[in-house]
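Student: The feature active site is assigned by Swiss-Prot to Asp87, Glu149, with sequence analysis given as support. Swiss-Prot lists His85, Asp117, Glu174 with the feature Zn(2+) 1 binding site. The Zn(2+) 2 binding site annotation in Swiss-Prot covers Asp117, Glu150, His360.
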Amino acid sequence: MKMKLPPFIELYRALIATPSISAADSALDQSNEALINLLAGWFADLGFRVEIQPVPDTRHKFNLLASIGENENGEGHGGLLLAGHTDTVPYDEGRWTRDPFTLTEHDHKLYGLGTADMKGFFAFILDAVRDIDASKLTKPLYILATADEETTMAGARYFAANTQLRPDFAIIGEPTSLQPVRAHKGHISNAIRITGQSGHSSDPARGVNAIDLMHESITQLMALRTTLQERYHNPAFTIPYPTMNFGHINGGDAANRICACCELHMDIRPLPGLTLSDLNELMTEALEPVSQRWPGRLSIDELHPPIPGYECPTDHHMVGVIEKLLGERTAVVNYCTEAPFIQQVCPTLVLGPGSINQAHQPDEFIDMAFIEPTRELIGQLVDHFCQQK
């Protein structure tokens, strides 16, 4: 028997009031268990079958998979997957003028941490499906709530690697202002570490200056940057080639001492189609002259787990379906989402309420003008992909 859910705004309020920050810093990182349990209770009240999945190698993080419209054995074919992440970024208390964990309505906007990015999306889903009749679904509806999108994307990675589900289509409800997104660049971030040999600067030959070796390495990487710009091109992107950025460098401790260690932090944002393995090979090849000349003194280490580029082809029939429903052409963006991993399960678009411009900002908000169009859109998606009788 179905239980009655709270009104939409109260669902939203409860989600925002349940902290679920993910951060590389363990002092800031929080479990999302309370939020997952909250969602699990609500979806169970609506008659969904609910599965909570611990995510390995995390600090007590969980995914949730809720499903309805499957057969008695919990099986189904095709259907729709609506996905989103349960975590938020940390907040800067000094820059917020409101309590981040209290939903505040002002000037037709809802303020709070996660209102746009993107805990609020689950309130939209729950509100849209509260009256769903499972007996009228000919294909299943799945809801996926993941962990740690803002850091390692561990939840989406784990789900994609272990699920047997194969829905017809997935929507990730990141804030796109309800414009469908079909592609984005990937992201890799590496530390280039040089180990030299310290010594007195009066006799440079008695040491190995790590800064000199880093200079050689950066020269090689800049040549690779040019190669990437010349070899890879996608005119759909505002910046139509892979980018490489040198973001942080540190080395040495005194002007009169040969530098023993130097470290560079850099990132590359590859286009869809440029695989992570290809990119690693290009990096290794670019730095090989330095490695050969100075054996054992150069290393490349990941700063964060890499994210591949993502693309759903423009001619995929699902793209046409969504464009027709919305009357909007699909777009490409420069930020990253869980789409490369969900795309391993089924064709995927990124589409949700709110603006990316409010994500990761003090006084994060979502414009209430998105409420009715989003509710209507989710209903249309369920009708189309789950084929209500």
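Glycine is no exception: its Cβ is also placed from the backbone N, Cα and C atoms.
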Student: Which recorded positions are spatial neighbours of His85 (Zn(2+) 1 binding site) here, meaning Cα within 10 Å, out of Glu149, Glu150, His360?
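Tutor: Cα within 10 Å of His85 (Zn(2+) 1 binding site): Glu149, Glu150.
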Student: Could you tally the C-beta atoms, other than its own, that fall within 10 angstroms of the C-beta of Glu174 (Zn(2+) 1 binding site)?
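Tutor: Other Cβ atoms within 10 Å of Glu174 (Zn(2+) 1 binding site): 28.
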Student: How big is the gap, in Å, between the Cα of Asp117 (Zn(2+) 1 binding site) and that of His360 (Zn(2+) 2 binding site), rounded to a whole number?
Tutor: 8
Student: Spatial neighbours of Asp87 (active site) among the recorded positions Glu149, Glu150, Glu174, His360, defined as Cα within 10 A: which are they?
Tutor: Glu149, Glu150
Student: Please report the distance from the Cα of Glu149 (active site) to the Cα of Glu174 (Zn(2+) 1 binding site), rounded to the nearest angstrom.
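Tutor: Glu174 (Zn(2+) 1 binding site) has its Cα 11 Å from the Cα of Glu149 (active site).
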Student: Are there any residues at least 6 positions away along the chain from Glu150 (Zn(2+) 2 binding site) with a Cβ closer than 8 Å to its Cβ? List them or say none.
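Tutor: Listed in sequence order, they are Ser22, Ala23, His85, Asp87, Thr88, Val89.
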Student: Measuring Cα to Cα, how far is His360 (Zn(2+) 2 binding site) from Glu174 (Zn(2+) 1 binding site) in Å?
Tutor: 13
Student: Is it possible to get the count of other C-beta atoms within 10 angstroms of the C-beta of His360 (Zn(2+) 2 binding site)?
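Tutor: So the Cβ neighbour count for His360 (Zn(2+) 2 binding site) comes to 16.
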Student: Relative to the mean position of the Cβ atoms of Asp117, Glu150, His360, the recorded Zn(2+) 2 site, which additional same-chain residues have Cβ within 8 Å?
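Tutor: The surrounding set, listed in chain order, is Thr88, Val89, Met118, Ala359.
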Student: Which is it, of His85, Asp87, Asp117, Glu149: the one of these recorded positions whose Cβ has the most other Cβ atoms within 10 Å?
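Tutor: In terms of Cβ crowding, the pick is His85.
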